[in-house]
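Trainee: My questions all concern the structure below.
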Amino acid sequence: MSQREIKEAFFSNLNGTSLHEVVLGSFLTPVCLISRGLILILYQQAKGTLPLPLIYHLLLDFTVLILPLVLSCTILSSNLHQVIIGFTFVSACMFSCIYCTNKCTSAQRLKTSISGFLQSHVEVNQVPFVTLFRVFVNVKTAISILAVDFSVFPRRYAKTETYGTGVMDFGVGAFVFANALVCPEARRKSISGSTMNHITKQLVSVWPLVVLGMGRLVSVKMADYHEHVTEYGVHWNFFFTLAIVRVVASILLLVLPTNQIVVFALLICGLYQFSLETSGLKDFIIHNNDREKDFMHANKEGIFSVVGYVTIYLAGVQVGLYVMQPRSQVRMWFKALLNLLLGSIVLYAALCICQTLVEPVSRRLANLPFCLWSVAQSLLFISCLGIADMVLLFSKRTSGCHFVPTSWDLHKKQSNSGKKTAEIERHCLVQAVSRNQLLFFVLANVMTGLINSKVDTLTCSSLFSVCVLLSYMFMNCFVIFVLHICGITVKFW
């Protein structure tokens, strides 16, 4: 076998991992964020000042937020429980230290109780857990697209062949969901001009994705890069899927009632699943290997899976409309997070029923179980991030140290707090990635291709593989961080 064939075989016939392991992975990022925030609060209590020097902020964010994610999907993948428990224990110790060293009178301590905390007001112009969700979906995607080429990356985390729940399978659905959360429709931006003008604007707005898709297609073919054609097809890739989903969803959102988007999403996905079961479409996608017949045969996975991704996008818009509603009190946000968590539980229950009565999850088909799983897991992850930020907000309120980046702020603060908060956000890696998300994704793809062209990833030792992954992620983060410090936003349109 040639090197290309060996690599293609390395990605083939995979069955994924358990739903339990994917759910467990949702808790790592929130406890990392809590740890990072508590470290900053303790430092501020000890030194009385923030921010840290720029390089220290970058190193802290990389060490606490990025390093654990890389290790948890490589050499520590079999010890995920212990990693999460360890971070939780350290965070609990720091939280206890912050709360117990707070020199309050009994009346003041009562004021900082949970009851008082729930009645407190937060700044209404930010929804930090939405930013966190979008950034960490991007970060985990960047880690995975290179890590999957190394043998140290567990095969159960990689994309499945036909059926199964790989971590990277969820990443695809989560990426679509994350884009929908902040689309113009989710932010209730009014449509100016005629319907045709709006559709034209949507077609024009996705040209960067089309260009990136064409660039990836040409570079892969010219470099004779290994391909797993059952993922999207011979000529298709994820950039094309993102572009078409955006345009199709925008057209549908012109006619769908705002408060019933999720109902129509379920209807569309249900009809697609019915077609898979009754029309022979499923057999065509899975078993027909005549790739040379025409464009549809060559790219059947990419073309037909668009239907499933559109429903995930519509569900994301509905969730975006819900979380973007103005809420001023902590208790309102806490209730919203509990509703998101309840929605996740309901969808997981529906998923279990579908997997029993219909068929298992299939990213390749983007079937009904895959759509239910993608939305359910996204809701779980986003609610966990929101609850983590609640813990940080309570810690900030208790300690009087308000400056933690990408976190809710209490409404009443010192007059100069706005400038101080802006300075803290300027030193934050999360905000840096948020500022240039598409560039970060493109940079990760380019770096992945370069590393694969220079390194025989299949024969690397575990230690060398982890070193390459950490260097790759640090370089991506460093470039994005420098652009953020310089106030540069790279837009492709």
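In case you wondered, yes, glycine gets a Cβ from its N, Cα and C as well.
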Trainee: Which one of these stretches, 22-43, 440-461, shows up in TrEMBL as transmembrane segment?
Mentor: 22-43
Trainee: Could you pull out which residues elsewhere in the chain have a CB under 8 Å from any CB of the transmembrane segment (163-182), counting only those six or more residues past its ends?
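Mentor: For the transmembrane segment (163-182), the nonlocal Cβ contacts are 14-19, 21-22, 25, 73, 130, 133-134, 137-138, 140-141, 144, 148, 156-157, 238, 241-242, 245-246, 249, 309, 312-317, 319-320, 323, 359-363, 370-371, 373-375, 377-378, 381.
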Trainee: Other than its close neighbours in sequence, what residues sit by the transmembrane segment (302-324), given a CB gap under 8 Å and a spacing of at least six beyond its ends?
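Mentor: Counting only partners 6 or more residues beyond its ends, the transmembrane segment (302-324) has Cβ contacts under 8 Å with 127, 130, 173, 176-183, 185-188, 232-233, 236-237, 240-241, 244-246, 248-249, 252-253, 256, 258, 261-262, 264-266, 268-269, 272, 281, 285, 296, 336, 339-340, 363-368, 370-371, 374-375, 378-379, 382.
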Trainee: May I ask which of the stretches 22-43, 55-77, 202-220, 232-255, 336-358 has the most CB pairs under 8 A with the transmembrane segment (463-490)?
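Mentor: It is 55-77 that shares the most Cβ pairs under 8 Å with the transmembrane segment (463-490).
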Trainee: Could you tell me what the rest of the chain brings near the transmembrane segment (22-43), counting residues at least six beyond its ends with Cβ under 8 Å?
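Mentor: Long-range Cβ neighbours of the transmembrane segment (22-43): 50, 52, 60-61, 64-65, 68-69, 72, 80-81, 83-84, 87-88, 90-91, 94-95, 97-98, 132, 136, 165, 167, 170, 377, 380-381, 384-385, 387-389, 391-392, 395-396, 399, 401, 403-405, 407.
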Trainee: Using a Cβ distance cut-off of under 8 Å, indicate which of 202-220, 336-358, 370-394 has the most pairs with the transmembrane segment (232-255).
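Mentor: By the under-8 Å Cβ criterion, the transmembrane segment (232-255) pairs most with 202-220.
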Trainee: Do any residues, 6 or more residues outside the transmembrane segment (336-358), come within under 8 Å Cβ-to-Cβ of it, and if so which ones?
Mentor: 19, 129, 273, 277, 319, 322-323, 325, 327, 367-369, 372-373, 375-377, 379-380, 382-383, 386-387, 390
